[in-house]
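Record features, source Swiss-Prot:
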BINDING   503, 504, 680  pyridoxal 5'-phosphate binding site
MOD_RES   645  N6-(pyridoxal phosphate)lysine
């Protein structure tokens, strides 16, 4: 059976989209078949899409064609009678092309008395599609009720657009389900008895009527709307936690773009999505129009699949049983109201449950009107602490209160894990499944998760009620011990230590030492380096992706190409440069080892020019590379040295900046200056106790030697696998600080795709390209180049995904390069665990080796 469907654009932007398609389609036809006057004549309907064959989940088939009437709602309402005639003309055109049923989208049914008047003049049956649209809105509301865990009697629903056909049918379904309703009707219609007459009398006690939207805002947080006017509800007036289901077009929320509020949710109701079992004509590369299909169009398709040549969904009264019937038939054929969407973007359970706190004041009492009462706040905190949240609840909280983009990114990569416990090299999720951790907090966990000797040292100090934050009213004993140990262990002539809480703070302290001791504002740094994300550290981080949003940064910072001694000599001879910041291995830059002899030459240049040599060992230090300090591989003796990450065994934040005593004296050795740099939490006894224990265990367990031996074995094993696959270009690093460089080339792929389409599609698109303006061509070429780069990054992330999903191994990319996977396991890793990773890596390489070039 063949159907036709008449759609229309619902916004000016969509109208111009249809205009663009029409222009391109006619131009393509002209280039392919030649010019004719008829081709460029005014058309009643604009061709949009032909479905040569639709196959449903049951195996039923149909075919159809969709055309647009190129008018928005306001234009149609301005000439309702004339548009009604054009709709009938359009139906006749479709019937002439073989359509046996025609669906009327949006206003194309409204202008014909919801299809009734149109049906009287139509040569074939018609449907407004409003029954399936209603069903989709109903199912969306039922899903939201379930996710919010509320009962119908607990939360009233506002129905906006009563007694329109969709709102009337939806009201009857919701009342039958137990909801109370606030019905918003058009102003001027105040006959209460007439308005209530559309509903069974048994429901009247659960219904209120109003023509003023202001009455709804304080009463309701759940809304469903389907008016013919649109723009009825002001999103700024909605209560926090409100969920607004815009069931039909035009939008009834007064905003064509998503409102800038994160405490409400606007849902595109009335839409359905086809499952994978449904085939909508020819499909290639899983590219087909299947998601968020308007219910009116989907109803037309479903009726055609059923071979039902009958008028359907006409007039004001849509029988609830017919609504449920068409919904059940649609689901049988593979069309469902899920997933939900907001302004075209898919949303999931988490988007709804983020608002749950606005509905459960018994649990979230601290956010209720009684939040000012101490007892209420205490009850809230106690309730949160007592919870053992499910994984989804934790994702919801993080999404709501910390970083929604991070949650969405990890979900996209199938790496949205939530772990409950950790020990050694293993992390355990709430199902008790173990994951091998090859990231180790980006170098924080050299001793593994919760190293018992360090945990014991922490417990013992707390059990003894040892003092912690006393460093500004007395001298902290444990911190003094730690400073001595660090100065004795570190290379160079270290004599002073400043303690902080992180690597980037340690870098900030080093920069201040350099400025204060030399009197020079400038610091040289290396391209592709990474030293942290505070403003000072960013100023000497050699990667624009981290810096561009925070400019202007510090002046007088000088970037030098990595490995270029001539450029470095020029920079160090500048009058305003007093220090050079380097990493022994560029970790976040992609695990790059300097060229042989480079670091010794760098040190010599610093000595010749009198420039301070500052070495960032935040990630490379404390055994990671097979030496206690990575700079020892090259015999480097820094003037300033930075440590953090594994200094406390990953248990307590700590950073340390070591320097020569004479530098400290120049910077801070006067009555006015000895306290000009400080940190509230830096230098506390508790962190120092833990750090002393961590340092002892690194040495006692010979993790430095273990890292050297296991790292050499690991690198060799990975390199042998990499040699078999051209998309793994290099395995590099030292000790247990390794990086796997991927190079799955997509250069030219997007360009080839564009040329292929230009060649195969009707018309002369190559000539069209020639006459695009130069700036347009330049932007398109740049977009194609970046897209090809993104495809390579996507391929690399598939390794992260597959290692996690298929092998329960955690890895991640480096901060500066999305085509390098970091391998930084705890230094306690066993040979068997390394072999497990090597085997998994080999398997993933083989599985992703469809293309070898």
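The backbone N, Cα and C atoms fix where each Cβ goes, and this holds for glycine too.
Look at residue 680 (pyridoxal 5'-phosphate binding site): DSSP puts it in coil. Comparing the binding-site residues 504, 680 by how many other C-beta atoms lie within 10 angstroms of each C-beta, the top residue is 504. Comment: pyridoxal 5'-phosphate site residues 503, 504, 680; largest CA to CA distance 16 Å, whole number. Candidate recorded positions: 503, 645. Fewest other C-beta atoms within 10 angstroms, 645. Cα separation, residue 504 (pyridoxal 5'-phosphate binding site) to residue 645 (N6-(pyridoxal phosphate)lysine), rounded: 10 Å. Cα separation, residue 680 (pyridoxal 5'-phosphate binding site) to residue 645 (N6-(pyridoxal phosphate)lysine), rounded: 19 Å. For the pair residue 503 (pyridoxal 5'-phosphate binding site) and residue 645 (N6-(pyridoxal phosphate)lysine), the C-alpha distance works out to 7 angstrom.
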